[in-house]
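*Asks:* OK, TrEMBL features for this one:
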type     : residues : note
DOMAIN   : 30-197   : domain 'Reelin'
DOMAIN   : 233-348  : domain 'DOMON'
DOMAIN   : 353-552  : domain 'Cytochrome b561'
TRANSMEM : 20-40    : transmembrane segment
TRANSMEM : 393-413  : transmembrane segment
TRANSMEM : 434-453  : transmembrane segment
TRANSMEM : 465-484  : transmembrane segment
TRANSMEM : 496-518  : transmembrane segment
TRANSMEM : 587-607  : transmembrane segment
Amino acid sequence: MAILLRLGRCNRRTDCKMELSGLAVAVWMFVCFCAPVGGYPNGKVRAACTSMIPCHGGSPQLSPEHTITVNGTEFKPGDNIEVSLSGPDFEGFFIQARDAEHLDGPAIGSFVLVDRRLSQLLTCGRTKNSAVSQTGKTKKKLMKVYWIAPGDAPKHVQFLATVVKKYRTFWVKIPGPIVSQPDVLSPTTPLHATSEAVSTSYPVSHLSKPFSALGCGIMKFCIRNPSNCDPESASCFFLSFQKEESSVFIEMSGPSEGYLAFALSHDQWMGGDDAYLCINEDHRVHVSTAHLTGRSHPLLDSENALEDVSWRLVDGVLQCSFRRSIHLPAYKERFNLDASYYIFLADGESSEGGLIYKHRRQPLITDRLYNVTGPPQDIGGSRSPRLIKAHGALMFVAWITTVSIGVIVARFFKPVWAHSFLFGKEMWFQVHRMLMLTTVLLTSISFVLPFIYRGGWSQQAGFHPYLGCAVMALTIFQPLMAGFRPSRHAPRRQLFNWFHWSTGTTARILAVVTMFLGMDLPALDLPDTWDTYTMIGFVAWHVGIDVLLEIHSYCLIRKVEVIEDDRVQILQSLTSAEAEGHLFKQVVLIIYVCGNIVFLVAFLIAVNKI
């Protein structure tokens, strides 16, 4: 998962794992980064020196559109041969010269560049400058280079080229002319390289109908998100494994017009994983294997060992199925399927040519290790780590519930509970202090959880962690300042009251903004409509109650002033007015607490479902 893509945990190793040194995750996963996987757009393709196959996955085209020409058919050691590659627009290329009678052998001779802006020299094997490739993805129609014949050149040399038109459209080892040393007969049966010789294609068929959940937990191992969803549904992510003798038949389905991918991992972090991707390219689905090396783009394999590949793309739902052997000793990066792994399931966008981008949300990750060839199970998964869920829940409790009620009590209930005492102090003060200390405790616990999860600081969370640190600092400063508050009648008491109020108000505003930002992060990606409207609803609810109590207090003061001016039954009237005012405030407080609990329960339910 631009992308998993571990497959997430956007997320250890960094590639989902942040380094324990405290530096930020270097990011699958599941980052945020949205740069497309373009293979090797800079032309640094030394890994392809031998096979000349680009690491793009998929199969090469069979009928070349490009041609290689030379300005001569004979050479002597030290001669320069002009080599030209031409044809329809192409982005990438890779040119070598090889022994025409041993095309699988090493590169022969070296090259000299004509245009250093568009081409560069590479060293393959022990021969310096023995290959030429592009420097970028600029469209090209013609490339010229010069080949220098070595002193130990074979009798016949053939030029070969790999051409990349776009990411998934390429030709491998396009055969070029054969040049020979003087007085040497041309080979009677030259070994021309062809695209068919390196084809990695496999039979592909189209699925005629959607997958079914029948047999999940009985005949096959299934993962569904949401839990127990129907794979025929347009909102269901589905992954199944069915053991068949020495192989496993795999089905993967989900609402995606880009790609779907799953990975097998030894832990819940992206990196060192065995991944499988179904990628939509121009309304055709390519199935590729890949190895994840951290939170970087997956390295798609040029070959894979998948069989019985089928796919279906209907109404925005992508489905693909394939079979692979339980053991693949010839493929070192493929895991044995008879062991236990964490399983990741991710989706994301792809562009023309099959370029894949980082998954837009946290991949689904199983809560423990599973053996897909063991007893069949029907399980779900979570798109949010437990520590991050706890972080969000504790922050919501602290800043939506305890601190809000504590502020209301301190602001409006001093006269209501002025003559009520709890543990030797006024009740309003004790309730306010208890709620605020609870806020400090919950915030402190919640604050450290993301650092434990990430193993350090996260640089992919935008402004959220910075604002969170500011909230934490203000949260600690507030009770420390309260511990040094002057006595009630001290000259500095008004100054303290102003600082106490402004610090608390600033902390509350920053906390709400921080929660707004945090709810859309991949690790806690709550539903967009839910998180926005719920937070707006809470802010409106709190402001509304605050305004209501302010208006009530103003009206009560005005009523008392009128009674005093009339000088009629002053004592009795004041007592009656105060009683009515206190009752109203207590009723509003009860309603406010109940409303906050409703918001809290809604949030916890939403968090539990992701």
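Every residue, even glycine, has its Cβ placed from backbone N, Cα and C.
All annotation found in TrEMBL is predicted automatically rather than curated by experts.
It should be emphasised that the depicted structure is a prediction, and the values quoted were computed from it without experimental measurement.
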*Asks:* Tally of helix, strand and coil residues over the domain 'DOMON' (233-348) according to DSSP?
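*Replies:* Across the domain 'DOMON' (233-348), DSSP assigns the residues as follows: 0 helix, 69 strand, 47 coil.
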*Asks:* Grab the pLDDT values for the domain 'Reelin' (30-197) and give me their mean, rounded.
*Replies:* 80
*Asks:* Ranking 393-413, 434-453, 587-607 by Cβ pairs under 8 Å to the transmembrane segment (496-518), which is first?
*Replies:* 393-413
